[in-house]
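Remarks on the structure that follows.
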Amino acid sequence: LNALFSTATETRLQAGAAGARSPREPPARPSRGAEQIGYYDLCFVGVFFSSWDETHFGKMGSYYINRTFFFDVHPPLGKMLIGLAGYLSGYDGTFPFQKPGDRYEQHNYIGMRGFCAFLGSCLVPFAYLTVLELSKSLPAALLAAFILIFDTGCITLSQYILLDPILMFFLMAAVLSMVKCNSCADRPFSASWWLWLSLTGVSLAGAMGVKFVGLFVVLLVGLNTVYDLWDLLGNLSLSLVMFGKHLLARVLCLIVLPLALYTAIFAVHFAVLNRSGPGDGFFSSAFQSQLIGNNLHNVSVPEHLAYGSVVTMKNLRMAGGYLHSHWHLYPEGIGARQQQVTAYLHKDLNNLWIIKKHDSDTDLSDPSSPVEFVRHGDIIRLEHKETSRNLHSHQHEAPLTRKHFQVTGYGINGTGDSNDFWRIEVVGRKTGKLIKVLRSQVRLTHVATGCILGSSGKTLPKWGWEQVEVTCTPYLKETPNSLWNFEDHINPKLPNISLDVLKPSFAEILLESHMVMIRGNSGLKPKDNEVTSKPWHWPINYQGLRFSGVNETDYRVYLLGNPVIWWLNLVTIGLYLLITVCTAVALKRGVQLTSELKELSRVVLRAGGQITLGWLLHYLPFFMMGRVLYFHHYFPAMLFSSMLTGITWDAVLKFCAGFLSPSTTARRVYGGGFLALVLLILYSFYLFHPLSYGMIGPMASNPSSPMAGLRWMDSWEF
């Protein structure tokens with residue numbers, strides 16, 4: 001509805017705003033303090049301004065439209081779909097997506113937001129159908145649906161260009177398909193059974209193709225499948241041949257099909273992004289040689305390294321970066337105050353180095369001087385081309401890595417000292433052998449200390465421009481961190497060879513891309529003054545996330561779950577555990593239950609158990625993650641807790657009504673309880689809907705703000 005309303009009124013709003021203000025000026029407002037804004041104002045927020053992670057994923061959608069290669073820590077499906085939605089709706093991929101709050105002006109972004117809003121809205125019928133299938137109760141399904149419809153957090157996430165609604169769409173589709181397939185267990189190998197089993201596999205591929213946390217729903221479906229197969233194995237009326245058919249069907253639909261689709265996603269990804277872009281430097285030289293516009297594409301370079309050559313050196317560690325230096329010095333207290341040497345992930349003139357002899361200052365660029373090749377075991381100097389300082393190391397400690405030595409740029413116009421000497425060695429080669437560009441894996445051993453040049457993979461603070469630390473390690477263990485290859489090679493005195501021989505296979509590209517993504521995920525650490533959160537914050541709705549706007553004059557959207565809904569979900573989890581224990585004890589003690597209570601117990605234990613397992617699998621793993629975490633990471637788990645709320649409260653109300661007679665009284669108690677929950681949800685949405693639709697005026701911490709009374713926790717910053 002947000003997307004449809006924004007689209008329908010876009011022309012009217014733009015016409016009314018065009019003549020009244022400059023493009024960057026906020027819209028004129030009547031003097032009404034910080035009054036909550038309505039649907040008209042919602043359209044200003046939704047139509048004109050980019051917000052939060054739209055600057056990332058909207059930009060990546062543009063990259064697909066422009067076929068420009070980029071790197072992201074997530075698999076590509078979500079961004080591909082965003083780009084496709086933009087392309088089909090007429091977006092040309094030219095909006096820069098530089099920072100939140102930038103005005104979209106004439107750029108047609110509505111298709112991308114509308115696509116995400118549509119997938120986000122699908123969560124409601126998916127949850128409804130899942131709960132209805134599990135509990136066979138219409139009120140339980142309706143309650144779960146109401147919770148998702150009126151949750152401010154789900155609305156906020158769904159109305160922007162983000163991966164979260166796409167991920168949750170495939171996640172819920174997988175759960176619904178799994179539940180539907182289970183309901184067809186009495187007619188295996190029927191058309192509907194095959195349909196739902198296949199859709200489960202397709203949805204799993206989709207969830208994994210958007211974010212790696214899709215693994216959690218893969219694990220949920222896997223555990224459900226193991227349980228089903230174990231149950232079938234215990235069915236003595238089922239022959240082993242038939243059991244084998246069941247096993248084979250699940251292998252085909254839940255393993256082979258998802259893997260094939262997941263692989264196809266990457267095949268399309270690499271086929272579309274065939275032009276050089278900001279992601280080149282994260283990948284190997286061989287991969288980069290395939291990208292149109294990359295300096296390695298369809299070029300020829302001298303094959304063997306020679307003295308006087310200008311080169312770039314790339315670390316073989318995934319996303320290890322290029323050996324780099326710049327004029328900035330290490331700060332006081334960080335080793336010697338000499339020129340910084342780092343590893344940089346992007347192409348740059350400061351990545352260029354000149355190979356020189358350690359004991360000669362002869363001008364090797366002179367065309368009349370003879371060519372002298374660099375050989376395995378030679379002692380060389382590397383002079384930084386832009387600053388004319390030599391690659392240098394000494395026994396000062398490295399900035400971040402303990403017991404490693406600092407690496408610096410030292411000297412004036414190439415004149416330094418003996419700490420500038422490095423022995424170049426090729427892995428698996430003998431002394432005297434020539435060194436090949438791109439193909440030879442080399443290590444540089446510092447002659448004076450015996451340490452080896454390497455990239456630690458750690459990100460330097462702001463004084464190091466958040467580039468990667470380069471150290472000299474005294475530990476001689478051979479790892480990709482300490483191995484390099486020469487990529488660019490400029491020497492006019494040498495003949496060139498084509499780089500086509502380096503073309504990697506698709507399997508190699510697929511493996512490399514996953515290694516880079518995994519390493520990129522593990523390297524995501526919180527930056528200075530960045531608002532992050534901890535997993536225990538999430539279920540209690542402890543802290544939200546600013547989506548757009550900071551000042552009182554800005555339209556501010558704040559990601560926070562509807563507090564009443566989230567706290568109801570939290571209470572329900574505890575209530576469900578209590579009910580489960582009581583039910584299990586009653587059944588164990590042989591308490592005689594009526595048929596209605598037996599059915600209720602089945603729903604609580606079986607259906608509620610499946611949903612609770614889904615919540616645990618999508619929540620507990622975050623406690624073990626070392627990467628930076630944000631509030632929105634909890635929303636997949638929140639979907640499960642919302643469905644559990646519908647199932648649990650339906651069971652509680654039915655249980656209470658079961659003790660009452662006549663039946664009319666029982667129905668009134670049940671209906672009254674259900675109505676009270678729905679009205680509570682509706683009223684809480686009425687109170688907190690400005691968080692999703694936009695606010696202006698004083699912050700809620702200001703007593704004069706109309707939102708001040710809704711700041712129930714000091715950690716809420718709306």
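In case you wondered, yes, glycine gets a Cβ from its N, Cα and C as well.
Record features, source TrEMBL:
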- 1-12: compositional bias 'Polar residues' (COMPBIAS)
- 1-33: region 'Disordered' (REGION)
- 69-90: transmembrane segment (TRANSMEM)
- 110-131: transmembrane segment (TRANSMEM)
- 138-160: transmembrane segment (TRANSMEM)
- 194-227: transmembrane segment (TRANSMEM)
- 247-273: transmembrane segment (TRANSMEM)
- 302-358: domain 'MIR' (DOMAIN)
- 371-427: domain 'MIR' (DOMAIN)
- 432-489: domain 'MIR' (DOMAIN)
- 564-587: transmembrane segment (TRANSMEM)
- 607-624: transmembrane segment (TRANSMEM)
- 669-688: transmembrane segment (TRANSMEM)
Review point. What residues in the same chain, six or more past the boundaries of the transmembrane segment (194-227), come closer than 8 Å to it by Cβ-Cβ distance?
Key: 74-78, 163, 166-167, 169-171, 173-175, 177-178, 180-182, 184, 249-250, 253-255, 257-262, 265, 517, 521, 610, 613-614, 617-618, 621, 633, 636
Practice item. Could you check if the transmembrane segment (138-160) is in contact with the transmembrane segment (110-131), meaning 3+ Cβ pairs under 8 Å among residue pairs at least 6 apart in sequence? Key: yes
Practice item. Sort out the residues at least 6 away from either end of the transmembrane segment (564-587), same chain, that have Cβ-Cβ distances under 8 Å to it, and list them. Key: 147, 150-151, 153, 539-541, 593, 601, 604-605, 608-609, 612, 615, 638, 641-642, 644-645, 648-649, 651-652, 677, 680-681, 683-684
Point to revise | Tally of DSSP helical, extended and coil residues in the domain 'MIR' (432-489) | key: 6 helix, 27 strand, 25 coil
Check your understanding: For the domain 'MIR' (371-427), what does DSSP give as the number of helix, strand and coil residues?
Key -> 3 helix, 29 strand, 25 coil
**Study point:** Outside the transmembrane segment (669-688), six or more residues from its ends: residues with CB under 8 Å to it
**Key:** 139, 143, 146-147, 150-152, 560, 562-565, 568, 649-650, 653-654, 656-657, 660, 710
**Study point:** Secondary structure composition of the domain 'MIR' (302-358) [DSSP: H/G/I, E/B, coil]
**Key:** 3 helix, 28 strand, 26 coil
Review point. Same chain, outside the transmembrane segment (607-624) by at least 6, Cβ under 8 Å from its Cβ: which residues?
Key: 134-135, 175, 179, 213, 216-217, 219-220, 223-224, 535, 538-539, 573, 576, 580, 633-634, 636-637, 640-641, 643-644, 647-648, 651
Review point. What mean pLDDT score does the domain 'MIR' (371-427) have in the model?
Key: 92
